[in-house]
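This report refers to the structure that appears directly beneath it.
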Amino acid sequence: MDQSNMTSFAEEKAMNTSSRNASLGTSHPPIPIVHWVIMSISPLGFVENGILLWFLCFRMRRNPFTVYITHLSIADISLLFCIFILSIDYALDYELSSGHYYTIVTLSVTFLFGYNTGLYLLTAISVERCLSVLYPIWYRCHRPKHQSAFVCALLWALSCLVTTMEYVMCIDSGEESHSQSDCRAVIIFIAILSFLVFTPLMLVSSTILVVKIRKNTWASHSSKLYIVIMVTIIIFLIFAMPMRVLYLLYYEYWSTFGNLHNISLLFSTINSSANPFIYFFVGSSKKKRFRESLKVVLTRAFKDEMQPRRQEGNGNTVSIETVV
């Protein structure tokens, strides 16, 4: 396998190792401060999402929205774990053996898998909430009871397919011209899927959601849920979306965009780590902030007053959604 087809971390590792081996007796180049910041933020985000996942799975009753949040938390955990290990690996500067190379590639591909899944899940959340506002009767009375779990399973499968294509055609391909053309085709496909399908769906549904909520006072009682959705999407578009742009450009223009790659990874780390903070601050009461239990805060943040009726009984919400 040609070394030039490594993922970004692997390529940086190879370049870094070769330069150090060529300059014996000199001091090692300093580790970019970006990696130190990533190594500081990612463990915090990993723990936050782990606590959130535990509450969602074992301490809280589920509704359609929390099923999506559960899967989003799993995607964030996988992303943060991989980027933390990759940053440590870069800092320790191990020799790039064949086995080590495959470990780096596996972590990098898993990182992309978590990133792609996060984009797809956020789009699904935005679209479903938009439908619940546009068609409230359908949402409350006719929505399939396992729709959230089914959609999440489909999106995980789509993310797996897209990530596998990116790995096979762009990361693990050779220098041959047909391999490069295949990679360009995959880049175009991912760009269309990300920027002409999912991102526009997210933006349009979010815009409709905001307009409808501003016009209807009946939505005020569940405004925290909508605030959670909107803030999460805005943070994703600001911090995480640039990474996908740079990753696609990276395959063709490493010399131009390679230096910006670490910054994009830092932004993606911030995005995945910020989600639990968003849920906490939106769900907490201003007068009782830091004095309420986390379960109460999360329940308030994820409360869905438009929850389908078949999920309610005797005035209490009954969990029927399952996490795949």
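Note that Cβ sites are derived from N, Cα and C of the backbone, with glycine treated the same way.
Model, not experiment: these values are computed from the prediction.
The N-linked glycosylation site annotation in Swiss-Prot covers Asn5, Asn16, Asn21 and rests on sequence analysis. The topological domain 'Extracellular' annotation in Swiss-Prot covers 1-35, 87-103, 172-184, 245-262 and rests on sequence analysis. Feature annotation from Swiss-Prot assigns topological domain 'Cytoplasmic' to 61-64, 128-148, 206-223, 284-324. What Swiss-Prot lists as transmembrane segment is 36-60, 65-86, 104-127, 149-171, 185-205, 224-244, 263-283, and the listing cites sequence analysis.
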Are the transmembrane segment (104-127) and the transmembrane segment (224-244) close enough that 3 or more Cβ pairs fall under 8 Å, when only pairs 6 or more apart in sequence count? yes
Of the listed stretches 104-127, 149-171, 185-205, 263-283, the one with the highest count of C-beta pairs below 8 angstroms to the transmembrane segment (36-60) is 263-283
With pairs fewer than 6 apart in sequence excluded, do the transmembrane segment (149-171) and the transmembrane segment (185-205) have three or more C-beta pairs that lie under 8 Å? yes
The average per-residue pLDDT within the topological domain 'Extracellular' (1-35) comes out at 51
